[in-house]
Amino acid sequence: MEDFHLNNLTCSNGSLLTWRCGSENAVCVVTTSLMNTHLNESLPTAGQQTYTVYNMWLGLVLALLSAFLIGGSVILKKKALLRLARNGQTRAGEGGHGYLKDWLWWGGLLTMGAGELCNFAAYMFAPATLVTPLGALSVLISAVLSSYLLGEMLNIVGKLGCFLCVLGSVLLVIHAPQEQEVTSLRDMTNKLLEPGFLAYAALVLVLCAVLIFYVCPRWGRSNILIYISICSLLGAFTVSSVKGLAIAINTVMTDLSVLTNPLTWILLFTLIASIVIQVNYLNKSLDTFNTLLVYPIYYVLFTSVVLSTSIILFQEWSSMSAVDIVTTLGSFLVIVVGVAMLHLFREMQITVRDLTNQLSQAVEREGLTGEGSAARREGVQKKEDKYGLIDNVVIESLPPMREEGPRVFIIS
C-alpha cells in the first residue's frame, strides 16, 4: 500500500485519478475529502490502527497468561524441593540435583516453560516496557499460593505490599510506550553494535562473573541478593535475545534469509545459555530462602535490569512524553515499596484484628493518660493554693512594722 499526496484542486470531490502500475492502469474516483490536513502529514490508515491495537492487546493477554503460569510454577518447584529435603536427599542449595527425578519439579518446570513461551510471544507484539512489569502479577500469585499451599505466612502488611505491586504495574502498563522501535534484524544489529549497549553488556558480564566465581562460594547461602542478582543481571541478555528472536520468527514466513543470518543463531545460543544459568541459581535461591522473599526481590531486580536494557538498547522511552516517563518511574518506585513491605515485615504475625485491637488500646491509654495528667495538675494546683494560704496567714499575724523605724535582724 502506498500513500500519495496531491494538491487540493486535483483531489476535489468527483475527480477522476488514473494510476499506472506497470502494464496496468487504475482509475479512482474521489468521493470524500479530509478536513484540516497538511500535505506533508502522514496519516495512519484505519487498518494500520486496528492492527496496532490488536497487537498491543494480544501482547497484553499473553503477558498476563505468562504471569499466572510462572507464579504457579514457583509453587510446584518449591513443593518438590521441600519434599526432596524431607526425604533426606542432598538439597539443591548444597549442590544436589535430586530434583531432576521428581515429577512435580518437572511439572513446575514445564509450567514455567509455558509461561516463558507466552512471555516470549508477548515480546513479538508489545514493547518490553509493557510486557516486563506485568511480572508483578506472578509475585502476587506466588505469594498468595505459598501462604495456602506451603504454609508460609502472609500477613496484612504483605498483602498490602502485593496490592502496591499490582497498582504500580497497572500504572506502568497505562503509561508504557505504544510503539516498537526495533522491527527488523538489521535494526537489531545496529542497536546491538552501538557503543552504549556494548559498554552496558560488558559491565553486566563482568558483574555476573564476579558474583558466580567469587561472591557465591563465600556468601551465597547467607545473602539472598547474591543468587537473585545473577538471575536478574542475565535478564539483560534474555530479554534482548527474546526480542531479536521474536523479530526473526515474525519475519521468517516472508523472508527465509533470516535463518542464514548469524545474528539469529547468536541470539538463540545466548538465550539458551542465560536461561540455563538462571534456572540453576533460581533453584538455589528457592531452596535456601523463603519463597515470599525470593520471587518479589527477583521481580524488582529483574524489572530494573530490563527497563535499563530497554532504555539503552531498544530506546522505547524516546517516544514517551515527560509525564509518562515520570509516572513510569514513580510506578516502579511504588512496586519497590510494595516488595520492601513484603521483605521487612515478613516475620510479623499481625492481622486486621490485631491492628484494630492495638489502635483501640492506644486510644484507651491516651484517654487514661489524659485523665491522670489532669488529676495531677489539679493536685499540684491545690497544694500551691494551700501553701499560698498558709503564707498569707503567717504574714498577716506578724506585727506591723514602721516605715521609718530601724530594722533589727536577730540571728540565733
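Glycine is no exception: its Cβ is also placed from the backbone N, Cα and C atoms.
Just so you know, TrEMBL annotations are computer predictions that nobody has curated.
Now, the feature entries from TrEMBL:
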TRANSMEM  56-76  transmembrane segment
TRANSMEM  103-125  transmembrane segment
TRANSMEM  131-150  transmembrane segment
TRANSMEM  157-177  transmembrane segment
TRANSMEM  197-217  transmembrane segment
TRANSMEM  224-242  transmembrane segment
TRANSMEM  262-281  transmembrane segment
TRANSMEM  293-313  transmembrane segment
TRANSMEM  325-345  transmembrane segment
Return the stretch with the most CB pairs under 8 A relative to the transmembrane segment (262-281), choosing among 103-125, 131-150, 224-242, 293-313, 325-345.
224-242
Under 8 angstroms for C-beta pairs, at least 3 of them, ignoring pairs fewer than 6 apart in sequence. Is the transmembrane segment (157-177) in contact with the transmembrane segment (197-217) by that rule?
no
If we call contact 3 or more Cβ pairs under 8 Å (sequence gap 6 or more), are the transmembrane segment (56-76) and the transmembrane segment (131-150) touching?
yes
Using a Cβ distance cut-off of under 8 Å, indicate which of 103-125, 224-242, 325-345 has the most pairs with the transmembrane segment (293-313).
224-242
Top stretch by Cβ pairs under 8 Å to the transmembrane segment (103-125) (candidates 131-150, 197-217, 325-345) is 131-150
